[in-house]
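A short write-up of the structure that comes next.
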Amino acid sequence: MWNKHRLAFILVGLLFHLFYLRSIFDIYFVSPLVHGMRQFKSNEEPPAKRLFLIVGDGLRADTSFDKVKHPVTGKTEFLAPYLRSLVEHNATYGISHTRMPTESRPGHVAMIAGFYEDVSAVTKGWKENPVDFDSVFNQSTHTYSFGSPDILPMFKSGASDPTKVDAWMYGHEFEDFTQSSIELDAYVFRHMDALFRNATVDSKLRHEMMQDGNVFFLHLLGCDTAGHSYRPYSAEYYDNVKYIDSQLERLVPKVREFFGDDDTAFVFTADHGMSAFGSHGDGHPNNTRTPLVAWGAGLNRPVLNDVPVYDNYTENWDLAHVRRNDVNQADIASLMSYLIGLNYPTNSVGELPLAYVNGTERTKLNALYKNALSILEQYLVKETEMIQSQLVYKEYPKFAQKSHSSYIQEIEHLIDRIANGEEDLEPEAIALSEELMKTALEGLQYLTTYNWRFIRSIVTLGFIGWITYSFTIFLRLFILEKQYAMKTSPQNLASFGALTAALNYVLYYQRSPFNYYMYLLFPLFFWSQILTNSTILHDGIREMFKGVSMLQRIGICALIVSIYEGIVYGYFDRWIFTIIFNLLALYPFFCGIKDAKTNMFWGANSMALSIFTLFDAVKIESLTQINVSGLLLVASGLYALWRVSKKINSHTKIVILLQILLLAMMLAVTNKSVTSLQQRAGLPTDAKIAGWVILTLSLSLMPLLHYLKPSNDYQVRVLVIYLTFAPTFLILTISFESFFYLLFTNYLMLWIEIESKIKAQNIAKNSQNWLQLLRISIIGFFLLQFAFFGTGNVASISSFSLDSVYRLMPVFDPFPMGALLILKIMIPYILLSTALGIMNLKLNIKDYTVSSLILSTSDVLSLNFFYLLRTEGSWLDIGVTISNYCLAILSSLFMIVLELFSHFLLKNVRDNGMDIAASKQQKRH
C-alpha cells in the first residue's frame, strides 16, 4: 500500500541517488578544458607546404612491421613492404602510445587536437558529436577529409569555420561486418584520386589545394572492421593491411606529380590497436600500441643504431638496426602543427617530438618553447578563473617555489645566449622547456581538483546521512506498530539554519553550479531528521532485534558489512562472488533446514553457479557450448512442462509447447548463422529474418496468447517467463551464457522453496522473525549483482564482442546493437524480479519491504566506490570505477523497479489456492 510517508521516502531517495550519481562528474571529472587562451605559432618558416595524415583505424603496431604467416596462402611475409622501405631509408618511425579508452573518437581527438578528452567524455558518443576544442584541422588553411561517417563529421562540425573542412563519407550501410572491409578503404583512395582529377579541370579547386597549410586526412576503417569481424590474425585483416600499403605506394608519387614539388609531409598512424578477441577499448598493449611512420618535408630520415636493439615485442620486425622513436599520441598534433607552421591547438598537451624534426637545433628549440608557452597559457587562464572564485587561494606549490615567469626568463636568456654562439646550451634550454610543460600540466590538474576535499566531505556526510535516515524510515514504516509524532526542536532549527546559511554562502562565493547546492542540501536535511527521529531509530532497532543478544547483533552487522564489502571487491575481482556463493551453499543448514535432498540440490546448484565468475569475462565464440546449452534449455522446458502438466489446461499446454518449439527453432537459426559467419560467407538472409521473427514472436505473441487464458499457478508463470526470454538469450549467447540462464533460474526457484520452509518453521514456533526479512534482502541484493557479473563485467561490456550481435545485425549501428546488448543483460534481472515477487507472495511479506530495506543499506557500496574512483591510470581502470559507482548507486533503486515489475509479471498468480489480493489482506498493516 502506498501512503504519503512511503511516497515521500521514495521521492527523496530517488532525488538523492540521481543527484549523487551526477556528483562524481562534478567532483572527479570536471573537464580541465579552458577557453580564451592566446595562440602560439609553432614555426615561422614551416618546412612543409601541406600535410597528409593517413590513419589506419584499428591497426596494430606489430602487425604493421611483423613478418607473419598468412593463414590462407601459408606464405610468411611482411604485410607492409612499402612502409618498411620508408622506415629503412626515408622515414622516422616509432610506436604511438595511446591512452584509454582505445576507441576511435578519443584516439582521433588526441592525434588531431593534441588533447586527451577528460573522463567526462565517457558520457559522449562519437557519431555527429563535434569536438568542442581547437584542432589541427581548425588551424589549417583548409582540410580535405575522406572516410567514415563516424569520424569526419565531429571535426567538420566542431571547426570554427565548418566550410574550411570538406568531408567525403560513405554511408553507414557500407560498414557491414560480413562483407569485405577493403571496400571501405577503396572508397577513400578512389575519392582522393577523384579530387586530383577534378582539380585539373577546376581552377578554383586547384588554387585552394595549392595553398600552403592544407591538410589531407585519409581515414581508413578497413582494418578495424576486419578485426571486429574476423580477428586481427585473420586473412581478412592481413589482406587489408597489404591493400593499404599498396595504395600508399601509389599515392605518394601521385601527390608529388600533382603538386610538382617535394614539399609534402606524410604522417601514417592509427587511432588504436586491436585485441586478439577482435575488440578494443581497454588498456591492453595490443590496443595501445599503434604504428607511427613520418616522412617527407621537414622530417628526419632514419637514424641507424650503432648496436642493434632487440626486445621481445619487436624481435620479428627485423628493424633492430633502425632507431625507434616512440611518442605519446597527443604529440602527433604538435608535430603536424610544426610541419606546416600552424598555431599549436589551444588545448593541446602534446610535446613536439624532436627526434622526428629535421631542422637546426635553434629551430627545434624555438618550436618547443612555443609549445611550452601554449601549455602554460592554459594554466594561467585556469588560475585566473580560480583566484576570482576562492575566499582563500593557495598557489600551486611548484610554481610557488619557482614561478612560471622565472622559467620564461631563464629559457629566453638561454635562447639569447645560444643566438650569440653558445650552442652548447641548447640541451639545457630544451630540458627547461620540457620541465615547464610538465609543471604546467601538473598545475592544471592541481587547479582542477582544488575544491575536492570540501565537496567530498559534503558527499560523504550525505551518504552516511541517507543510510541512517532511510533505515529510520524503514523501521517506522515496516517494523514499528505505534505512530510517532516527532517535531523538530528550536535548537535544531537554529543550528541547522545557521549552518545552511554559512555553507551556502561559501558555495555562492565559489561560483558553484546548482548541483553543489543540492549535494549540500541532502546531508543537512538528513542529519536534521535523524536528530529529530532518534527515538524511532532506537525503538525500531530494539524491536527488529528482539530476542537477539548484543553479541549476536554485532555478529549480524559484521556479517552484513562483510557481504557488502565482498560485493565491492567482487566488482574488481569476480572470483569473490565464487567464494560468497560457496558460503551461501551452507546457509539452509544453518537456518534449520534438515531435508538432505533440499540441502544437496541447493549446494550443488550454488557450486555450479559459482564457477561462472571464474570464467573469462571476455568470451570466445563456441558453437559447441551454444548447442549443448540450447539443447539443455529445450530439455528443461519439456521437463518443466511435464511437472506442471496436471495444473494447466490444454490452451496453456499448447502455448508452452509452441514456446519450446520456438526455442528449438532459434537454436537451429543460431547454428546456421554462426556457421555461415565463421566460414566468411556472410549472414544468410533467411537466417537473419528467421532470427528476428522468432525473437519478436517469443517476446510479444507468446505472452499475449498466455494472457488470453492465463494460468494463475506461480510455477507455470515462472515457466512461461523462462521460455519467453530463452530464445532471445540463446541467439545472443557467445559461449557459456545459456548455461548460466538455466542454472540461475533453477537457483531462484530453490531459494523460494527454502525460504518457504524456513517461514513454516517460524510459524510452527509461533515467532515473528525479522531476521528472515534481513536475510532475504541481503541475498536478493547479492543476486542482483550476480545477475550482471555472472556472465561478464564492466570491462567486457566496454569492449564487447560483436559475435552475437551480428547474427541479427551485420551492418554496424552502435545504438541498436547496444540495445540488444542491454536486452541480454536485463533478462536475468527479469527472472530475479519474478522470484522476489513470488517470495513476497509465499512469505506474506508486505509490499516494498525488501526493496526499502535494501534501499536503506546498500549505499555502503556507493560510498566505497565513491572513494575508489580513479582519475589517473588507464582509461579502462577509470571507466570501470565510474561504471562500478553508477551500478552501485542505481542498484538499490533498481530493486524497487524489480519489485514493481514483479506485480506486472505475477498478476493474479496464486499459491496453493490463495491469490495475491487475498494474500495481501493477511499481511500486516
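A Cβ is built for glycine as well, from the same backbone N, Cα and C atoms used for every other residue.
Within 10 Å of the C-beta of ASN90 (N-linked glycosylation site) we count 16 further C-beta atoms, all protein chains included. Here Swiss-Prot flags ASN90 (among others) as N-linked glycosylation site.
If you look up Swiss-Prot, you'll see ASN138 (among others) marked as N-linked glycosylation site. In the three-state DSSP scheme, ASN138 (N-linked glycosylation site) is classed as helix.
Around ASN198 (N-linked glycosylation site), taking its Cβ as the centre, 13 other Cβ atoms fall within 10 Å, counting all chains. Under the heading N-linked glycosylation site, Swiss-Prot lists ASN198 (among others), citing sequence analysis as support.
The N-linked glycosylation site feature in Swiss-Prot is assigned to ASN286 (among others). On its own chain, ASN286 (N-linked glycosylation site) has ARG60, ASP62, PRO232, GLY273, MET274, SER275, ALA276 as residues at least 6 apart in sequence with a Cβ closer than 8 Å to its own Cβ. Taken residue by residue with DSSP, ASN286 (N-linked glycosylation site) is part of a helix.
Per Swiss-Prot, the feature N-linked glycosylation site maps to ASN312 (among others); the stated evidence is sequence analysis. ASN312 (N-linked glycosylation site) carries neither a helix nor a strand DSSP state and counts as coil. ASN312 (N-linked glycosylation site) counts 6 other C-beta atoms within 10 Å of its own C-beta, drawing on all protein chains shown.
Summarising the environment of ASN358 (N-linked glycosylation site), the number of other Cβ atoms within 10 Å of its Cβ, over all protein chains shown, is 15. According to Swiss-Prot, the feature N-linked glycosylation site maps to ASN358 (among others).
The topological domain 'Cytoplasmic' annotation in Swiss-Prot covers 1-6 (among others).
As annotated by Swiss-Prot, topological domain 'Lumenal' applies to 28-457 (among others), with the evidence given as sequence analysis.
Look at Swiss-Prot and you will find 511-516 (among others) tagged as topological domain 'Lumenal'. Tertiary proximity for the topological domain 'Lumenal' (511-516) is limited to same-chain residues at least six positions away from its ends with a CB under 8 Å from its CB atoms, namely 19, 22-23, 26, 388-389, 455.
Confidence over the topological domain 'Lumenal' (569-574), given as mean pLDDT on the 0 to 100 scale, stands at 88. Summarising the annotation, Swiss-Prot assigns topological domain 'Lumenal' to 569-574 (among others) and lists sequence analysis as the type of evidence.
Annotation comment: Swiss-Prot describes 596-599 (among others) as topological domain 'Cytoplasmic', evidence class sequence analysis. Tertiary proximity for the topological domain 'Cytoplasmic' (596-599) is limited to same-chain residues at least six positions away from its ends with a CB under 8 Å from its CB atoms, namely 588-589, 750, 753-754, 757.
Residues or ranges marked as topological domain 'Cytoplasmic' by Swiss-Prot: 643-653 (among others). Sequence-distant neighbours of the topological domain 'Cytoplasmic' (643-653) (same chain, 6+ residues past either end, Cβ-Cβ under 8 Å): 706, 708-711, 713, 715-716, 719.
Only residues 6 or more beyond the boundaries of the topological domain 'Lumenal' (675-687), in the same chain, are considered here, and those with a CB under 8 A from a CB of the stretch are 178-179, 230, 236, 621, 623, 669, 803, 806-807, 810. As annotated by Swiss-Prot, topological domain 'Lumenal' applies to 675-687 (among others).
If you look up Swiss-Prot, you'll see 709-719 (among others) marked as topological domain 'Cytoplasmic'. With helix defined as DSSP H, G or I and strand as E or B, the topological domain 'Cytoplasmic' (709-719) counts 6 helix, 1 strand, 4 coil.
Per Swiss-Prot, the feature topological domain 'Cytoplasmic' maps to 797-818 (among others); the stated evidence is sequence analysis.
According to Swiss-Prot, the feature topological domain 'Lumenal' maps to 840-848 (among others).
Residue density at ASN138 (N-linked glycosylation site): 22 other Cβ atoms are found within 10 A of its Cβ, drawing on all protein chains shown. Among the stretches 493-510, 548-568, 622-642, 688-708, the one making the largest number of Cβ pairs under 8 Å with the transmembrane segment (776-796) is 548-568. ASN198 (N-linked glycosylation site) sits 24 Å from ASN138 (N-linked glycosylation site), taking the C-alpha atoms as the reference points. The residues of the topological domain 'Lumenal' (511-516), classed with DSSP into helix (H, G, I), strand (E, B) and coil, number 3 helix, 0 strand, 3 coil. With ASN312 (N-linked glycosylation site) as the anchor, the candidate glycosylation sites are ASN90, ASN138, ASN358, and the one with the nearest CA is ASN90. Here the listed stretches are 458-478, 622-642, 688-708, 849-869, and the one with the most C-beta pairs under 8 angstroms to the transmembrane segment (548-568) is 849-869. Beyond its flanks by at least six residues, the transmembrane segment (720-740) meets 609, 612, 615, 619-622, 625-626, 629-630, 632-633, 637, 640, 655-656, 659-660, 662-663, 665-667, 669-670, 673, 691, 694-695, 698-699, 702-703, 706, 711, 790-791, 801, 803-805, 807-808, 820-821, 823-824, 827-828, 830-831, 834, 905 of its own chain at Cβ-Cβ distances under 8 Å. A straight line from the CA of ASN358 (N-linked glycosylation site) to the CA of ASN138 (N-linked glycosylation site) spans 25 Å.
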